[in-house]
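Down below is the structure, laid out as structure tokens.
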Amino acid sequence: MKDNIRIIVAGPRGKMGMEALKMIDKQSKFSLAACIDRKNDGQKVSDIDGLPDLDAPIYTNPENALMETEADVLLDLTTPEYGYKHGKLALEYGVRPVIGTTGFSQDQLDELTRLAEEKGIGAVIAPNFAVGAVLMMQFSKWAAKHFPDVEIIEKHHDQKLDAPSGTAVKTAQLIQEAREPHHQGHEEEEETLKGARGADIDGMKIHSMRLPGLIAHQEVVFGGLGQTLTIKHDSHHRESFMSGVKLSAEKVMDLDVLVYGLEHLLD
Ligand SMILES: NC(=O)C1=CN([C@@H]2O[C@H](COP(=O)(O)OP(=O)(O)OC[C@H]3O[C@@H](n4cnc5c(N)ncnc54)[C@H](O)[C@@H]3O)[C@@H](O)[C@H]2O)C=CC1
Ligand SMILES: O=C(O)C1=N[C@H](C(=O)O)C[C@H](O)C1
């Protein structure tokens, strides 16, 4: 493995970006190549109040950051619109994207997958970097073989842009892979108030809660005859995501395709 992985962070001032800068600063094998931000072009990260004392330039133009900094990895923690744009640009400039941003459409995921394959460059898109959340999703996939009736309740802080969460969508996709095609509930059900039954992926209902005080939480509730099974994960602090970010930035160096989900990188 390369002993110095140079990382560009897009979204350094965000809740996840700040946590990622602290993690990069602590790891001797990582160095911060640059940040992509919406302001302070040309300034140093260390010049900005509230950011760690790191000697790396800030770029508002992502192409300049990718061209000028000899980076290995672009870590994106921004918004769906910019996460997609940054991912595409990184692949075009031969820099490996590690994307935590959620809210992509299937077409966008397919396009990034296609581009990574065409260029032969590794990329990671992980809707959830917390190892506990990855286990929650894997346990849910397993449970769905035995309990095909399931609903997902995801709860997040009230500043989140996308709903449902990337984790909830990924969980539903994994369950879809595991269970036989299945119709839940009964035909006569009617919503007398629109939205009462939540969003729907392949007949699975997804309920999204947004409140101050929450960080990132999910319950996957399975129902069977005379029993229910609940698989639950809570991120109480954004530190919970950092071991997954670290693992992704290391492992992406050895990939030549895009992987979607941290489970592909865990032993
Ligand atoms: N995969 C995972 O484990 C996790 C993923 N997320 C996802 O990561 C993303 C960021 O989450 P938070 O940090 O909570 O959001 P946030 O809103 O705190 O931070 C986003 C940052 O991106 C910046 N930004 C927006 N457009 C930009 C652009 N064009 N260039 C550079 N910076 C730009 C904003 O100024 C803001 O500082 C979201 O999509 C969220 O769903 C969040 C937590 C965990
Ligand atoms: O926005 C968040 O906070 C989170 N987003 C990701 C998601 O949409 O699943 C991961 C985690 O749940 C936190």
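Including glycine, each Cβ sits where the backbone N, Cα and C put it.
TrEMBL: automatically predicted annotations, no manual curation.
Features of the protein shown, as given by TrEMBL:
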- 5-129: domain 'Dihydrodipicolinate reductase N-terminal' (DOMAIN)
- Gly11, Pro12, Arg13, Gly14, Lys15, Met16, Gly100, Thr101, Thr102, Ala126, Pro127, Asn128, Phe129: NAD(+) binding site (BINDING)
- Lys39: NADP(+) binding site (BINDING)
- 132-266: domain 'Dihydrodipicolinate reductase C-terminal' (DOMAIN)
- His156: active site, proton donor/acceptor (ACT_SITE)
- His157, Gly166, Thr167: (S)-2,3,4,5-tetrahydrodipicolinate binding site (BINDING)
- Lys160: active site, proton donor (ACT_SITE)
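Using DSSP to sort the residues of the domain 'Dihydrodipicolinate reductase C-terminal' (132-266) gives these counts of helix, strand and coil: 46 helix, 39 strand, 50 coil. The two recorded residues, Pro127 (NAD(+) binding site) and Gly166 ((S)-2,3,4,5-tetrahydrodipicolinate binding site), show a Cα separation of 5 Å. The maximum pairwise C-alpha distance among Gly11, Pro12, Arg13, Gly14, Lys15, Met16, Gly100, Thr101, Thr102, Ala126, Pro127, Asn128, Phe129, the residues recorded as binding NAD(+), is 20 Å. Rounded to a whole value, the Cα-Cα separation of Lys160 (active site, proton donor) and Lys15 (NAD(+) binding site) is 11 Å. With helix defined as DSSP H, G or I and strand as E or B, the domain 'Dihydrodipicolinate reductase N-terminal' (5-129) counts 49 helix, 28 strand, 48 coil. When the Cα of Arg13 (NAD(+) binding site) is compared against those of the recorded positions Lys39, His156, His157, Gly166, Thr167, the shortest separation belongs to Lys39. Gly100 (NAD(+) binding site) sits 11 Å from Thr167 ((S)-2,3,4,5-tetrahydrodipicolinate binding site), taking the CA atoms of both as reference points. Recorded residues Phe129 (NAD(+) binding site) and Gly166 ((S)-2,3,4,5-tetrahydrodipicolinate binding site) have their alpha carbons 11 Å apart, per Cα-Cα distance. Neighbouring residues of the recorded (S)-2,3,4,5-tetrahydrodipicolinate site, listed in sequence order and excluding His157, Gly166, Thr167, comprise Thr102, Pro127, Asn128, Glu154, His156, Lys160, Asp162, Ser165, Ala168, Ala216, Gln218 (Cβ within 8 Å of the Cβ centroid). Proximity of the binding-site residues Gly11, Arg13, Lys39, Thr102, His157, Thr167 to ligand 1, judged by a Cβ distance under 6 angstroms to any of its atoms, singles out Gly11, Arg13, Thr102 in sequence order. Relative to Thr167 ((S)-2,3,4,5-tetrahydrodipicolinate binding site), the binding-site residues with Cα atoms inside 10 Å are Thr102, the candidates having been Gly11, Lys15, Lys39, Thr102. Among the recorded positions Arg13, Thr102, His156, Lys160, the residues whose Cβ lies under 6 Å from any atom of ligand 2 are, in sequence order, Thr102, His156, Lys160. Neighbours of Lys160 (active site, proton donor), defined as other CB atoms within 10 A of its CB across all chains, total 15.
Neighbour counts of Cβ atoms within 10 Å were compared for the binding-site residues Thr102, Thr167, and the top value is held by Thr167.
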